[in-house]
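For 1-62, the entry in TrEMBL reads domain 'J'. Residues or ranges marked as transmembrane segment by TrEMBL: 86-103.
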Amino acid sequence: MGGKDGKEQLFALKQWNRKLALKHHPDKNPDDPAATEKFKEINNAHAILTDISKRSIYDKYGSLGLYVAEQFGDENVNTYFMLSSWWAKALFVIVGLLTGCYFCCCLCCCCNCCCGHCRPESSVPEEDFYVSPEDLEEQIKSDMEKDVDFPVFLQPTNANEKTQLIKEGSRSYCTDS
């Protein structure tokens with residue numbers, strides 16, 4: 001369609017679409033199951049060719065560009081293809097290596113957290129941290145016995161929509177009464 005101005009191209013495109021759509025319309029070809037698929041392809045091609053942004057994406061990147069536009073939006077197609085190029089990936093790796101970001105994340109986190117070979121030595125012996133299950137159970141029982149000795153003597157007051165949440169007076173965040 002080269003050599004024509006925009007209105008002539010649009011008019012020729014509409015005529016071409018109408019002619020093919022009438023030829024392959026499913027109502028005109030009820031015995032042909034491929035006519036429905038062909039009709040859908042014609043309508044899809046017409047939608048792409050009449051939309052300026054989709055047409056430029058198709059001209060630049062092909063059907064993969066249209067797929068990316070559906071997933072990420074028309075305005076993000078150029079960014080997607082720029083970041084998926086080999087030089088962008090290489091730049092990302094080189095910057096990560098030069099700044100030491102990969103070493104900090106991988107070496108420190110993996111070696112220190114996973115296998116523990118690089119962790120600093122503790123000044124407290126390891127035995128002080130061990131609590132036997134029997135001692136823990138004994139502590140829980142003694143805590144429960146302490147709680148029984150001090151019953152709750154303040155019950156919540158009746159409240160409605162007009163009751164203030166914070167009472168007048170000094171505010172305290174302590175649990176002591």
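Backbone N, Cα and C atoms are what each Cβ position is placed from, and that goes for glycine too.
The domain 'J' (1-62): residue composition by secondary structure is 45 helix, 0 strand, 17 coil, according to DSSP. Over the domain 'J' (1-62) the predicted model carries a mean pLDDT of 79.
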